[in-house]
Each structure stands twice: as C-alpha cells, then as structure tokens.
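Some notes on the structure that comes next.
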Amino acid sequence: LAKYPEIKSLMGPDPHLKWIVSGMVFMQFLACYLVKDLSWKWIFFWAYGFGGCINHSLTLAIHDISHNVAFGNKQAKWNRWFAVFANLPIGIPYSASFKKYHIDHHRYLGGDSLDVDIPTDFEGWFFCTPLRKLLWLFLQPLFYSLRPLYVNPKAITRMEIFNALVQFSIDLIIYYLWGLKPIIYLIAGTILCMGLHPISGHFIAEHYMFLKGYETYSYYGPLNWLTFNVGYHMEHHDFPSIPGCRLPMVKKIAAEYYDNLPHHQSWIRVLWDFVFDDSIGPYSRVKRLCKLAKES
C-alpha cells in the first residue's frame, strides 16, 4: 500500500455481485422445476455437471459476501441477509456458520485449534495413501462441515438459527411444489461438487504446501471465471476487503510482488498431485500456535 496507494481504491463493494448471485439463485429454482420429472440417473448427472457447479460457485460468492463486498462494511446486516439468500440453492444452511469461522481463518491462518481449515491429526494419519486420499477428497464436504464442531466449537448464533429456518422453509416449499427430486438435485449437487470435482481443486490449491516454505498459492486459470476469482488467493489474503472481481487488478498493479511467487495453473493437476504424490497429503499444511487477539 505504501508503494501502490491506488490499491485502496479497489476496496469496497462490488455493485454487480448481488445481481449475478440473484441470477444464479433463480436459475437453480428454475432447474428445480425442470428436473422434477427426470429419472434419478439424470438427476445426479445434472446435479454434478450443472447444478453443483452453480452451488459451489454460490459458496464462493458467500465467501466474498462474508467480507462485506456485496453491500459494503457500513451495511453489514444486508451482507449477512443476502448471504442467507445466496445459500438457498445449496440446500443446507451454511452461510452464517461459514462467516463465523472464516474470520478466524484470516486472523489466525494455520492456527492450531483456531483455523478449522486445518485437517485434524486423524485425517493426516489415516488418509495417507492414494486410495484413502481419493476417499478424503470425496468426503471433503463432510469434514469441512463437521471439523469445526470438533476442533473449535462455538455457540450457535441467532444468525445461524435464522439461516436454518429460512433454508428449511424454502426446502419444504420446493418439496411441496415439486416433490423430492429437486431437493436431492440441490443437495447432491452441493455434496458432489464440493468433493471430487475440478472446481474443488481450490480447497487443496490454496494452502497446501506443495513447495516447502510457501503456504499460500494463487491459481490463474480459467476456472476463476466460475468462482469469483477465488484462485487469486495470495492477493485475497493480502487484501480481503477487495472483491474477487478486482483481485486481478491487484496483481497487475503490484506485479513484482506476485509474479515470482509459485502458483498453480490447473486445479485438476492439483487434485492429481495431491492423490498420487506421496509427499503431499492432509498433513501438508503449516500449523502454528497463535495467541488470541483481543476483541476491539
């Protein structure tokens, strides 16, 4: 910032995010109507190939919204409520809990018992062979959602209750209107595409230490178009208040800070290397002791 103060002008809300996310949500509601009479094999086909991609993208929109980039820091509640709306096609309540823990991921990156993104000792010990690592990738949504309850349990907030009530109400309305198949389409898409799927390569690419001494990596490939530029991860951790749509501009402005750092070109290659490279696994994370910051 001292060298490039113009980066400050990139901070603030993305005026297009709320419209893009709304379009994705309503597209999934339309899909619910279209799949209601399909056979089960086509339900899962479209869940993996289409709906799940949108749902995974929506989880990354929720990630951006958790940094208040939909309506700005002065409208924090609007961001929280809009995240609940973005959550609807995902099928299960997620946004409020994500926000609660994601703050710690940025404040205590790699912190033992604070950053719940770090796999547990059991995960590192057990999922150590190619077949087991493949299973771990498939089960990643399960570990991602349950690990915080074991590693760093926190009290349930009113926002989480609101998130759950709204989510299950919409699920019941969809079930009442069109039956069970649209619900399975939504939830199966979320689980499948946050597990063994090309887009899920970002979970591994972001903070798994492929090169010793480097714990955060960016990805500059085409899947950023579908994921709100989550691949620009070093840039995001440097400037979490800059929305994803402007992160490429950070790299362009301050190129000498990023161009020579190791980065990924393919999330599929990341998944392949994670499974078949014996030197990489759930243990391949930096883990440190962090002191709790005082709340202001």
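Glycine residues also receive a Cβ, built from the backbone N, Cα and C atoms like all the rest.
Positions annotated as domain 'Sphingolipid delta4-desaturase N-terminal' by TrEMBL: 1-16. Annotated domain 'Fatty acid desaturase' per TrEMBL: 42-263, in sequence order. Per TrEMBL, transmembrane segment is recorded for 16-35, 42-61, 81-98, 161-178, 184-205.
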Distal contacts, the domain 'Sphingolipid delta4-desaturase N-terminal' (1-16) - CB-CB under 8 A, six or more residues away:
64, 68-72, 239, 241-246, 249-250, 253-254
For the transmembrane segment (81-98), I need the partner stretch with the highest count of C-beta pairs below 8 angstroms, choosing only from 42-61, 161-178, 184-205.
161-178
Confidence summary (mean pLDDT) of the domain 'Fatty acid desaturase' (42-263):
96
So if I exclude everything within five residues of the ends of the transmembrane segment (184-205), which remaining residues of that chain have a CB under 8 angstroms from its CBs? That is, six or more out.
28, 31-32, 35, 43-44, 46-48, 50-57, 59, 89-92, 134, 137-141, 144, 174, 217, 219, 223, 226-227, 230-231, 233, 264, 266-271, 274
Per DSSP, what is the residue count of the domain 'Sphingolipid delta4-desaturase N-terminal' (1-16) in each of helix, strand and coil?
6 helix, 0 strand, 10 coil
